[in-house]
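Chemist: Dropping the structure in here first, questions after.
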Amino acid sequence: MKMVIHSRLCTQLPVYHGIFMKHKKKSFSMFRGVYVQFRNFHSFKQKIQINGEALYPRWFSVAPMMGWTDNHYRTLARLMSKHAWLYTEMVVAETIVHQKDDLDRFLAFSVEQHPVVLQIGGSNLKNLAKAAELANFYSFDEINLNCGCPSDKVAGHGCFGASLMFNPKLVGDAMSTIAANSDIPVSVKCRIGVDYRDSYNELCDFISEVSSRSPTKHFIIHARKALLNGLSPAANRKVPPLKYEYYFALLRDFPELQFTLNGGITSIEQVKRLMQH
Ligand SMILES: Cc1cc2nc3c(=O)[nH]c(=O)nc-3n(C[C@H](O)[C@H](O)[C@H](O)COP(=O)(O)O)c2cc1C
């Protein structure tokens, strides 16, 4: 797998779309679901080669958001920015496997949308292998495994989302399986910890185990821990405190890996301040 990495500090700034959410009568600020990268080996406009394709470096991405970052949304987002990397909504591996005759509905996107990252959910190795193989036909630019979702609906049913952080070996094997069944780079989105397992050392153990068991070189760090004690997904995006210091420590301690920062970033000014860190 070829993956050219030019920056290590990324912010996933979930973009709230006030204008697009009016029909749902919710208020969504422009800054939600975005990842940004800050390392300046390349100018913002200079394209990089990834798997033979010339793409803008991953300075800034729109994070995966269920119910939002669907095909239509991403088309709109691409009209707003040529540069942003766009994540799909999470698609469960079992959905891909069971809907294999209707996959366009879940995976198709237009060529103008590149770069697009497919986020998948699950931990059943057989299903992840098949899902990665099927998704391979759609020419995504990366496959990302969700290890950050705290929802009861998924986290409560076996290993899925944030609960996967309790089992780094399984995540390593899952990533190895996904990579073996696709031609594109793979990445993991995780929290800085889960429940009582929230020390920096435990986060390092997770990163070490996953990156040594698989070709995973890119981790998106949602800089809050997940609480699987019944706290709602929305509260899990606000209540656990942000610990950007974990993220910066990872940059220091794993110079060979790429890390994207996500969580609580609400303005370009904040991004600029973080770039000076
Ligand atoms: C409506 C909504 C849906 C989301 N769906 C997903 C998802 O499918 N996969 C995922 O990894 N994160 C999902 N997230 C989490 C965001 O990607 C992001 O990690 C989170 O909002 C934290 O960033 P913030 O503090 O800037 O909001 C979702 C967030 C929102 C608001």
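Cβ atoms here come from the backbone N, Cα and C positions, even for glycine.
Note: TrEMBL annotation is automatic and uncurated.
Pulled the feature table from TrEMBL, pasting it below:
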- 62-277: domain 'DUS-like FMN-binding' (DOMAIN)
- Pro64, Met65, Met66, Gln119, Lys189, His222, Asn262, Gly263, Gly264: FMN binding site (BINDING)
- Cys149: active site, proton donor (ACT_SITE)
Chemist: Give me the long-range Cβ neighbours of Met66 (FMN binding site): same chain, 6+ apart, Cβ under 8 Å, in sequence order.
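Modeler: Non-local contacts for Met66 (FMN binding site): Glu89, Met90.
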Chemist: Taking every residue in the domain 'DUS-like FMN-binding' (62-277), what is their average pLDDT?
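Modeler: Mean model confidence (pLDDT) across the domain 'DUS-like FMN-binding' (62-277) is 94.
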Chemist: Rounding to the nearest whole angstrom, report the longest C-alpha distance spanning Pro64, Met65, Met66, Gln119, Lys189, His222, Asn262, Gly263, Gly264, listed for FMN.
Modeler: 21
Chemist: Near Lys189 (FMN binding site), which residues of its own chain have a C-beta under 8 A away, given they sit six or more steps off in sequence?
Modeler: Pro64, Gln119, Asn144, Leu145, Asn146, Cys147, Gly148, Phe219, Ile220, His222, Asn262
Chemist: I'd like the Cβ neighbour count for Pro64 (FMN binding site), meaning other Cβ atoms within 10 Å of its Cβ, all protein chains included.
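Modeler: Around the Cβ of Pro64 (FMN binding site), 28 other Cβ atoms lie within 10 Å.
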Chemist: What are the non-local neighbours of Gly264 (FMN binding site), defined as same-chain residues 6+ apart in sequence with CB under 8 A from its CB?
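Modeler: Set apart from Gly264 (FMN binding site) by at least 6 residues yet with Cβ under 8 Å, we have Ala223, Arg224, Leu242.
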Chemist: If you count Cβ atoms within 10 Å of the Cβ of Asn262 (FMN binding site), leaving out that atom itself, what do you get?
Modeler: 27
